Amino acid sequence: MARRVRKRDRLRWSLLYTFACARPAVLADDEQTPFLQGPGYSRIVHCNQSQLHGKKPLDYSSNYISTTRYNAITFLPKALFEQFRRVANIYFLLAAIISITPVSPFNPMSMIAPLAFVVGLSMAKEALEDWRRFYQDMKVNSRKVSVHNGQGQFGYKPWQKIRVGDVVKVEKDRFFPADLLLLSSSYEDGICYVETMNLDGETNLKVKRSLEVTLALEDDEAFRDFTATLRCEDPNPNLYTFVGNLEYERQVYALDPNQVLLRDSKLRNTSYIYGVVIFTGHDSKVMQNATESPSKRSRIEKKMDKIIYILFTVLVLISLVSSIGFAVMTKYDMPNWWFLEPNNTTSLYDPSKPVLSGVFHMVTALILYGYLIPISLYVSIEVVKVLQATFINQDVLMYDEEIGKPARARTSNLNEELGQVDTILSDKTGTLTCNQMDFLKCSIAGVSYGVRASEVEIAAAKQLASEASGSPEHHDDTEELGEDNAGFYGTSEIELANGITCMVEKSHKPAIKGFSFEDDRLMHGNWTNEPAASTILMFFRILALCQTAIPEHNKETGGFTYEAESPDEGAFLVAAREFGFEFCKRTQSSVFIREKYSPSEDPVEREFKILNLLEFNSKRKRMSVIVRDEGGQIILLCKGADSIIFDRLSKNGRLYENDTSKHLNEYGEAGLRTLALAYRMLDESEYSAWNTDFLKAKTTIGPDREAQVERVSEKMERDLILVGATAVEDKLQRGVPQCIDKLAQAGLKIWVLTGDKIETAINIGFACSLLRQGMKQISLSITNIDLLTHDANKAAKENLSMQITNAFQMIKLEKDPDAAFALIIDGKTLTYALEDDLKNQFLSLAVDCASVICCRVSPKQKAMVTRLVKEGTGKVTLAVGDGANDVGMIQEADIGVGISGVEGMQAVMASDFSISQFRFLERLLVVHGHWCYKRIALMICYFFYKNIAFGLTIFYFEAYTGFSGQSVYDDWYMLLFNVVLTSLPVISLGVFEQDVSSEVCLQFPALYQQGPRDLFFGWYRIIGWMFNGLSASIIIFLLNIAIFYHGAFCAGGQTADLAAVGTTMFTCIIWAVNVQIALIMNHFTWIQHLFVWGSVVAWYLFLVAYGLSSPTISGNSHQILSEALGPAPVYWSATLLVTAVCNIPYLVHISFQRTFNPLDNHVIHEIKHYKKDVEDQHMWKREKSKARQKTKIGFTARVDAKIRQLRGKLHRKVSSLTIHTVS
């Protein structure tokens, strides 16, 4: 059966790439070495003898992988370390230890229990989140693969049990479990097709080829006696290099990357392969590119530590003041206080040792005033963040119905960080794109065909129509452009070209994937009636023949689908099929096309013999195929970048050059990616002579082989005749351009880091509006440096430094305010740019550019760029990707977002948040990020406010009573203050607060900048809240003392005692802080009303219950409310007065701010309050247009550029008409 499969595969596949692959040869006698020498090349693999790798020095790592932060042994110490990185927890740990001593003013359990609860809850949350990572790891480790068990028998084993030296059999569409040496495949010549999207982001298939000597290992039985020894490089992160030798049957064979299959790449279009395991687990190249899962903390949490330091300093200072005061009182006044029995004292208050007494009192005061530092702050934040994460998880607007996956907050530590992002670093393939392209327009023989409009043209038409009707000037309609934009069509494109606006109609979605072309002049065989029918025929044949795709017969539809190397190649083949030129068959030497000139005719199958194929690469920027048609005519068909093709045209081949150039510019302005098509007729003798040179160059062995091939190819690809050009529209993931546009309006910078080639990345940049026509591209490259010189690195860096300096100068001298610059750099150049002496210069240039695209970067470089941006700018970075090659970048960024698409879960497992499509990033940041930042910021500020207001009253009273160490409040009051009476309102603030609705967040994206600018948690705001707490504490203490100091407070003439004053003062605090939180809330639900006013009611209920308890429990507070304070009007009037006066400073501040310096959300509140958003749409839209950060990237910027161009055309047309009329 295996042999039959091989035969079938051979006919369809095996020789397609033989022109590009040179067989690895046996090393010559003088080159043979029994092993590779030197450090870094010490790995020895005994093939099919994995048992030999169980002892040192061959005891290699297992294939078990882990992305967790903890394990069973390290969890306790590491989790405790994480908890006690928080300075407040350190303080309360020390306080808990001291509470065991006699100097403590409280019961030890009152200090130990809250700390244990807070730390334990946080550790439990960490354990739960890490368990989820562990579960994902186990799913990967438990995947099954067929492994040779001996005696020619294969059986399935989980990935984690694979060992170095094992022979494995991987089947079609399965991932490789480790780094393998390819031994043989289901194809006769040992090739296989591999998808490396998880490694480098590319979806086009790579061809791998086994050594010729191992081709005989064609079935399971062949491995019964197979043994070999492999000597190679040690584990390293280089994805594109491999050095090794295979010793087999007493011969040594050189190995290169073409024989290596990397873990997490996928076997495609190949029934099976056999391979031997080289690197396992964390030794594999993809895992070598992974960085250790970091423990991330948000900037707000780090700043909160600084506030804790400040409060701790205040705590020490007032404790020092208290201890000095106590020492003075103990020395000079205590001997006169006979009622304290000064002669019968302990060292805690000994008049003869005032300094020692002061030191002991210092410790007491540190614990007594500890309420300045809120122990419940951290646990409250943990609870709030978990609830915020739950809301993110349950947001139905971030749920992908197609794959059934919601957004997931995999860690809740960084919720507020989502609202402070400055720079987004994104992968391309699978993140921005879905690798689908639509054939939209074409230019043939100087005539433009295709009447459908691109997304850019649609938006421009709507905007101009809006302006003509007198509507507001900005692009509200661009928000309505959704996933169906490809379905819009009409006469927009033709009319826009004449500078006239029009209405844009909406059509059904195109029924044919990859083909959105609409023009009856070419469809249904009507092209035969065109004047240049012969040129059109050649155009269609170039589309159908100049490719390397494989046709797959679709049994359901009866037609063909195509496995193409690139999405645009697939779109060309679909277009050719729809035009009547269907590519239906490929053999070892021929391509068959079914040509159908009219609907009434039967298709005619024509055979074209493939003589040579000149490959596309980033340097050539073109691809050619030389074919022989049925009449024996040899033709070179070529497609490539217009600048490359135009330079190679013959004098007779430039007939359509001017018209085609004009159409190419129009297509580019419309956001389409273009290629020019040309051909050349060859005579037999010329071709034969050239082919001899070409074959000689292809078989050359040496470093200049590629240069020789290129030189020979250049001789043939000249004197071309231009046929026309194609224009395809990139199919990005649904909503990507709109998402990028919204993020740009919100003021975020977007970088693209991709392993893809530079041309593809640039085209994607145009498609998603990171690049646009007219944007000046700064391309950094060192390809022209002679790398063979002794000072290659120095010369390369000097050249790069000069390029960066010149780019800086160009930006500086630019006078056009609308000018935008894009920085494009490849991975090789980036290696030098990231070195210490150049990285800051490179970063400064990148920051000055509107968009940055890094191409051909390795996973390690992605992480290094992310680190450079994070550390160099000092601002919050977010990395988003979907593959294993993005893991390092995701872990290095302040926030890592994984795309949970259809391919792999490595990025998701390493991420902090996961979404199923890039477009959900808009809502995650602009809505949830904004809300979470403001909620957490207000929550923390309020926490410090209420604790300062409460804690300082204890200090005032202690100072008022001679630094006695006596608290004005009952112990139960103090225990309940943070845990019960003020905890739920602040949690409701952190969970439910909304300054504006989600719709308004998206309509006013500039609101997002409140986070990066840190408006709600800057030092100005923090100090303001601290002074608010200070003023409240002074007001509460002084007013209560003033009210109760003189005279009776009850009708019976009783004066206030400590319990009465303390209870009244505490009641005022409860009312003041709860009214304050009600004033700062913008969005009320019944839950917030319940928590805020319920906390006040809970205080009174507690007072009643506490007063009714036994005097042994309630002490001096027995019946305090029902008998003492309740009947006293002064108690209620004092509560009302103090509450009102405490909140006057805040009301004055907010009134002044809203009147003279309102924030964006204040303006929106006013508009909403007076219903101007409904009654005055013009003003509402005007305000929306203002609430956008000025940006030079995104769909809006692109439409602006298009409109400026159209206005210029219209202005010139009007001017010419005026001149004509005058003349």
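Every residue, even glycine, has its Cβ placed from backbone N, Cα and C.
It should be emphasised that the depicted structure is a prediction, and the values quoted were computed from it without experimental measurement.
Under the heading active site, 4-aspartylphosphate intermediate, TrEMBL lists Asp427. Counted within 10 Å of its Cβ, the other Cβ atoms near Asp427 (active site, 4-aspartylphosphate intermediate) come to 28, all protein chains included.
The feature ATP binding site is assigned by TrEMBL to Asp427, Lys428, Thr429, Glu569, Phe616, Lys639, Arg673, Thr754, Gly755, Asp756, Arg856, Lys862, Asn885, Asp886.
According to TrEMBL, the feature Mg(2+) binding site maps to Asp427, Thr429, Asp882, Asp886.
If you look up TrEMBL, you'll see 45-112 marked as domain 'P-type ATPase N-terminal'.
As annotated by TrEMBL, domain 'P-type ATPase C-terminal' applies to 908-1158. Along the domain 'P-type ATPase C-terminal' (908-1158), the predicted structure has mean pLDDT 87.
Residues or ranges marked as signal peptide in TrEMBL: 1-28.
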Arg856 (ATP binding site), number of other Cβ atoms within 10 Å: 20
For Asp882 (Mg(2+) binding site), the number of other Cβ atoms found within 10 Å of its own Cβ: 34
Cβ contacts of Phe616 (ATP binding site) (under 8 Å, same chain, 6 or more positions away): Arg622, Met623, Gly640
Asp886 (Mg(2+) binding site) versus recorded positions Asp427, Gly755, Arg856 - nearest by Cα: Asp427
Rounded to the nearest Å - Cα separation of Gly755 (ATP binding site) and Asp882 (Mg(2+) binding site): 13
Which recorded positions sit within 10 Å of Asp882 (Mg(2+) binding site) - Cα, from Asp427, Arg673, Arg856: Asp427
Cα separation, Asp427 (active site, 4-aspartylphosphate intermediate) to Arg673 (ATP binding site) (Å, whole number): 20
Rounded Cα-Cα span from Asp427 (active site, 4-aspartylphosphate intermediate) to Arg856 (ATP binding site), Å: 11
Rounded to the nearest Å - Cα separation of Asp427 (active site, 4-aspartylphosphate intermediate) and Asn885 (ATP binding site): 9
